[in-house]
Amino acid sequence: MEAARRPRLGLSRRRPRPAGGPSGGRPWFLLGGDERERLWAELLRTVSPELILDHEVPSLPAFPGQEPRCGPEPTEVFTVGPKTFSWTPFPPDLWGPGRSYRLLHGAGGHLESPARSLPQRPAPDPCRAPRVEQQPSVEGAAALRSCPMCQKEFAPRLTQLDVDSHLAQCLAESTEDVTW
């Protein structure tokens, strides 16, 4: 009887928020210059409330669509046996650890300009193809000289990936517990 008195709960669809406010519901990267800078300053204040933005606000990081574009990457051709393959290399990593923006300096929350915080070195050319680097061979005291499961000797020219691959294969085929 008590269940009959309770109202039934039901699910209802969420109504979209009305497109109000200064931005009109447009994404930040499509806004005009002044409004975009105001939102950027507001974001910086939100991240660090003790921040004082009386002076110039650090420049806004470039949106991926605003970065300079270059033509199609040149294809590299290589031959394996009788077949010839073409390959387009990946572009270089433009946002690696040396390219990050450091806007806040220390615990005090003082702003730094991204240009002052980055080391002074030439920016990488986004149109330049990356160099293929050889992986160093396994050397040193920590390197295994042979497989602990099958006792196969590892050649000194093998890379760490080759050694790890062999160890994984041996471990997968093994039915014994191995203590390292």
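Each Cβ is built from the backbone N, Cα and C atoms, and glycine gets one as well.
Owing to the predicted nature of the structure, the values given are computational and were not obtained by experimental measurement.
For CYS147, CYS150, HIS166, CYS170, the entry in Swiss-Prot reads Zn(2+) binding site, with the evidence type sequence analysis. Positions annotated as compositional bias 'Basic residues' by Swiss-Prot: 1-17. Marked as phosphoserine by Swiss-Prot on the basis of a large-scale study or a structure entry: SER113, SER137. The feature region 'Disordered' is assigned by Swiss-Prot to 1-28, 106-135. The zinc finger annotation in Swiss-Prot covers 144-180 and is backed by sequence analysis.
All chains included, 12 other C-beta atoms sit within 10 angstroms of the C-beta of CYS150 (Zn(2+) binding site). Taking the centre of the Cβ atoms of CYS147, CYS150, HIS166, CYS170 as the Zn(2+) site, the nearby residues of that chain (Cβ within 8 Å, site residues left out) are PRO148, MET149, GLN151, LYS152, LEU167, GLN169.
Residue density at HIS166 (Zn(2+) binding site): 17 other Cβ atoms are found within 10 A of its Cβ, drawing on all protein chains shown.
Across the zinc finger (144-180), the DSSP tally of helix, strand and coil residues reads 14 helix, 3 strand, 20 coil.
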